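Here the structure is laid out as structure tokens; the discussion comes afterwards.
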Amino acid sequence: MSSLPSRAAVTLWLAGLLIAALVLALRGEMATDLGRFMPDPGAEAGLPLDVDGGPGARQLLLAIEGGDAARRAAASDRLAEALRGDPAVAGIHNGRGAFDPEALEAILDLRYLLSPAVTPERFSRDHLDTAFAERRADLSSAVPAMPRELIPRDPTGELLELGERLRDPFGDATRGQHGVWTDPAGERALLVVRIAPEAAGLEEQTELLQRVDREFTALAADDLNLLQAGPPAIAVESRERIRAEVTAFSLAASLALAVLLLVVFRHPHPVWLAAIPLGSGILAGAAVVTLVFGHLHGIALAFGITVLGVALDYPLHLFAHAGRRAAARVAGELWPALVLGAGSTALVYALMAATSFPGMAQLGLFVLTGILVAAAVTRWVLPALLPRGARERGLPEPRLPLPSLRPRGQRAGLGLLLVAVIAALAVLLSRDPFPWNDQLTALNPVPEEAIALDRELRDALGLPDVRHLVLIRGESADAVLQAAHALDEPLEALRDAGAITGFDHPARILPDIVTQRERQAALPERDTLAEHVERAVRDHGFQAEAFTPFLDDVERSREMDPVTPDSLPDGPLRQALEPLLLAPGEHSAAGHEQAWIGQVLLRGLSDAGAVSQRLDARAPAGGAEIGLVDLRATTEAMVADFRTAALTRLALAALAVTALLWLLTRDPGRSLRIVTAVAAGLLLTTASLLLLGIELTLFHLIALMLVIGLGLDYAVFLGRPGAMEPDEARRTRRSVTLCALSTGLVFALLALSSLPVLRALGLTVALGVVFSYVAALLLARPVNPSPTPEAPGPGPGLLRSRKNPTP
């Protein structure tokens, strides 16, 4: 295959890129939810974690400050009115009792089955007398509780009860003197915006937040200020901060790398050609993962690109060795070492790809594919892309100072390295338990002020706890609704005991069928109701004939079929129900794909243990299973499981790589030097992080994976048999030094980032580059004192270098 014509190689390469691009264009799907990257411990128990799609994930919290209370209240009303017509807004609440009658028109016919106030007493003479008195007051009020046009149909105010149910889960704040929600100090007007499910994507949320800003600017006075909080605001701010810093550091790193390559090679082509193997590997890896899994997870892509950074070394080795020599010939000479380094790295990720963890399998397959493609492109494509002069006569000799390492200095350095490794082992063994930090909040790029604002507004509004919720699993929607309804009594007891301040569940929106039948039974016959109405209207100046629609609705409701999730019409109640009741196919409960899942939201939770005990002590109704889920603990368990699996795979990979090195080189001494150099770099990097007081996170682990690849690359090339000859040794050390310098420069810049993710990656890899380079240099075999006219024979190894290999 080494004689593959360059034109054919380029043609195959371009065809491969085109196919990969078509795969991504036609079948590409980018997943972002955490549950599709890591196995969900809750899902394995039949209780799925839905971090991104839960009810709290679509709540935008707004606070208006400045001015006086009257102006804040007026601005709150105007902003709420302006946003009610936005298609991305499922509902907006600011504490006003009024509701949009058009929004509730769709459920008007269902109100007697859905209203929790429907009892036999509701239609008694005394209660009807009170209801008609309230409706008379509405007719004379400037701000009636019941819209006047609905009074003939709903004199008992069932729509008011349903409207209260819609408002209740989204706020229990202080109502100020002007009728809108405020914080306890009365210095802010508060609103809660429920984002529609179809607008739950990050792009849609970004556009909505921008529209909210524009509407507020157009409606409010100059002395008023709008604050935004909640998961949508935090997600948008996180992305903007990440995008800004990644863009800035990418530009800085690219510029620094370009300047370095221009200074070293004094030729423009290495600058842009160096990116081709890495870019080809990324494109190929993304396409292969998409074909195998049907989608590519954004986390796997980001981690994979980071780990694939080792592929940037491959073209640098080629360019550094191609000084005044034909590039194709040099590529052939380097191919055995490239196969050894890339093959060893690929083996590590092949073992990771063969796992049940979806995210780890994607990451392993992505890197495995990318590494092999990048190596092949470096071998056969890059030489053909160089201009004819550079291709035939080579590039200018690179200018790069080299470390002087004499045998005595190398022996002394090995002694120091041994002492450092022993000290590093002592540091690692002294950490019990090992300082892993599995909290994703430790890597949150959002400023603490934004987190504090979110917490402050959430407490002021009395919103549900975003960490804990009760999950119900049943064979049918009605089984879940029955179980949720049965929780009313224990949850009310917990509220009375102070363990929670409130709760919400799907049965408060849509009652189970038994409850609906009980409400139908509570509805009086038409003649009885007509008699009660006729007596009640006499004292309040109404005409009995005006309430014929009321009699018709009650009579029709007595014979109506129960309302189900499928028959509930589109509108505010359905939008409120959907995040609380998940149908089969809408959740990730492993082994329970046909189950229905209900979510019970808890407000003001102060005693999770008491809630758990109450749930355990009560027999589930309707055959459903009920459990309290700690979302933070579950998320941390997901991260810990991923980390444990990754470390296990890396341990297996270490044994496999050692065996592969021995098999391909048939040189135990060389294999041992390579493995020792990689292990030393890894140990010293990890110990240094611990000595700096850093708790290791998932992102440090990903960075250490890259350190392993870099260490393999440095040790393999410095240990090449031909690298013991003075001239080749000089070229090899120059290429490895250039690789280390370029990678270290890029990641040292990332270590300066204010974002925890970038800082973790940057610092870890920068330290790893230094330690891996020094270890590989010290463990390399000493250079022969003078050139040897004849290269060593091929020997028994499968990948021995030859003096004049065929390109």
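From the backbone N, Cα and C atoms, a Cβ is placed for every residue, glycine too.
According to TrEMBL, the protein has these features:
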type	residues	note
COMPBIAS	785-795	compositional bias 'Pro residues'
DOMAIN	186-399	domain 'Membrane transport protein MMPL'
REGION	785-807	region 'Disordered'
TRANSMEM	246-265	transmembrane segment
TRANSMEM	272-293	transmembrane segment
TRANSMEM	299-322	transmembrane segment
TRANSMEM	334-354	transmembrane segment
TRANSMEM	360-382	transmembrane segment
TRANSMEM	412-430	transmembrane segment
TRANSMEM	646-665	transmembrane segment
TRANSMEM	672-692	transmembrane segment
TRANSMEM	698-716	transmembrane segment
TRANSMEM	736-755	transmembrane segment
TRANSMEM	761-780	transmembrane segment
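The transmembrane segment (246-265) is not in contact with the transmembrane segment (761-780), judged by fewer than 3 CB-CB distances under 8 Å for residue pairs 6 or more apart in sequence. Only sequence-distant pairs (6 or more apart) were considered; of these, at least three Cβ pairs between the transmembrane segment (360-382) and the transmembrane segment (272-293) are under 8 A, so the stretches are in contact. Listed by sequence, the residues of this chain that lie at least six past the ends of the transmembrane segment (412-430) yet keep a Cβ under 8 A from its Cβ atoms are 405, 680, 683-684, 686-688, 690-691, 774-775, 777-779.
Tallying C-beta pairs under 8 angstroms between the transmembrane segment (672-692) and each of 299-322, 334-354, 646-665 places 646-665 first. Among the listed stretches 299-322, 646-665, 698-716, the one sharing the most Cβ pairs under 8 Å with the transmembrane segment (334-354) is 646-665. For the transmembrane segment (646-665), the residues of the chain that approach it from at least six positions outside its boundaries are 339-340, 343-344, 347-348, 351-352, 355, 360, 364, 671, 674-675, 679, 701, 705, 708, 712, 797-799, judged by C-beta separation under 8 angstroms.
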